[in-house]
Amino acid sequence: MEFSVKSGSPEKQRSACIVVGVYEPRRLSGIAEQLDKISEGYISNLLRRGDLEGKPGQMLLLHHVPNVLSERVLLVGCGKERELDERQYKQIITKTINTLNETGSMEAVCFLTELHVKGRDTYWKVRQAVETTNSSLYCFDALKTRKGETRRPLRKLVFNVPTRRELTLGERAIEHGMAVSSGMHLCRDVANMPPNICNPAYLASQARQLAEIHENLHVSTVGEEQMAKLGMNSYLAVGRASANESIMTVMEYKGAVDSTEKPIVLIGKGLTFDSGGISLKPGEAMDEMKYDMGGAAGVIGTMKAICEMKLPINVVGILAGCENMPSGNAYRPGDILTTLSGQTVEVLNTDAEGRLVLCDVLTYVERFDPELVIDTATLTGACVIALGKHASGLFSSHNPLAHELLNAGEQSGDRAWRMPLWDEYQDMLDSPFADMTNLGGRPAGAITAACFLSRFAKKYNWAHLDVAGTAWNSGANKGSTGRPVPILTQFLINRAGVELGE
């Protein structure tokens, strides 16, 4: 898909289609008014007849509008002008792209980026249009023998900006939007792969492929033998019953002018399949446990995005690859594990395994002397119950870091909601036999999981994103969403001091 920006009048555009907005009730946007004037009232006459009300997502495709050079004009319902917000804007873009794809318009000039969206500038509107377009066109058919093909797919989209001085802003928005989209695409591809293909070694191979393209990215791996020497007994216990070796992939991106600048560390939980182990999960929807590596998929996608943007920042990405299976060699409820930090954990449930992997990684990354650490994981079903599929759960022991992440979520549209991490919850992890248990009971499950992790993140500023509800969709639209790539990438853009809006 090719994107560009221009600034010009709609009637002068030579294109297969131009896209303009119509507000409710039957009120032309400024650009649509220009077309109506040049076509001597052709569009307003259609609206008076009731062909389009202007409700959000309504579409009306016109052919050969008088005095307009474009072959087609697509009128897009935008709802009430004062109510056009971020969510509605992205929904309109998605519906527009789907319609253009169906009409056979291989190229189009889109004027929807000139609509007024509350509190958002041209940069945001163009970038979100790029990301939304790419996301709506995504299709995972790598393993299908018959691939669905659109007869004449949309190949080129031009976004119009109000003035020529905003062209540079629009170009920057496209560049950033394409990088984020590229990262989301990789995240979705990796996460959607079946577990017989996507195992910890596959995660490592995907990281190496990325390093072959980008010279400032270096990839190394830590296998089970090295983990044993280090004392990562908790991580090793989880993967012990699997035929696939546990592999921790370390991705080091050096983009800062000062190579000694402290890195930001991103950790992604990479359970390529989670059966629950001895505490076996129910059979229903167990196939979706291939998505338990959604955190790792998000980290590798983010690393790709920052490589493409060449952000002037140092970042370490960790893919904590592992598989949780039952066998005679599996770890058991009742086992007590000594973690890399030296703290001991009583296992109450082998299906609370993600935290047992992450706790050793949180200790391991101390060697990088990090500026800060963010771990992201499809950690708890409790977070899905609490927040559903719209917001990721955010936990942090550092208020400024939490606020930065919340802000990045609002900017990118990949929102998070901060949850408490109060000391009162820590008592729920008490064990009579070890320093702690790996399960705090049914109440506040997402919080007690974060409390567990916080015990291993005392030596740096730390945040935890629980993406169990946001990393993938179930049902008819089953598949990876590409989250949390947008929020993590936006956070790093902000940290790198890259100029964005007007």
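Each residue, glycine too, has its Cβ placed from N, Cα and C.
Just so it is clear, the model here is predicted, and its values are computed rather than measured.
Among the candidates D274, D423, D427, D430, the residue that Swiss-Prot annotates alongside D351, E353 as binding Mn(2+) 1 is D274. Binding of Mn(2+) 2 is attributed by Swiss-Prot to K269, D274, E353, and the same site annotation extends, among D292, D335, D375, to D292.
Summary for the binding-site residues D274, D351: the Cβ-based neighbour count within 10 Å is maximal at D274. A count of other CB atoms within 10 A of each Cβ picks out K269 as the most crowded of the recorded positions K269, K281, R355. For the pair E353 (Mn(2+) 2 binding site) and K281 (active site), the C-alpha distance works out to 12 angstrom.
Each residue contributes its Cα atom, and for K269 (Mn(2+) 2 binding site) and R355 (active site) these two points are 9 Å apart.
D351 (Mn(2+) 1 binding site) carries neither a helix nor a strand DSSP state and counts as coil.
K281 (active site) has D274 nearby among the recorded positions D274, D292, R355, counting only those with a Cα within 10 angstroms of its own Cα.
Within 10 Å of the Cβ of E353 (Mn(2+) 2 binding site) there are 29 other Cβ atoms, across all protein chains.
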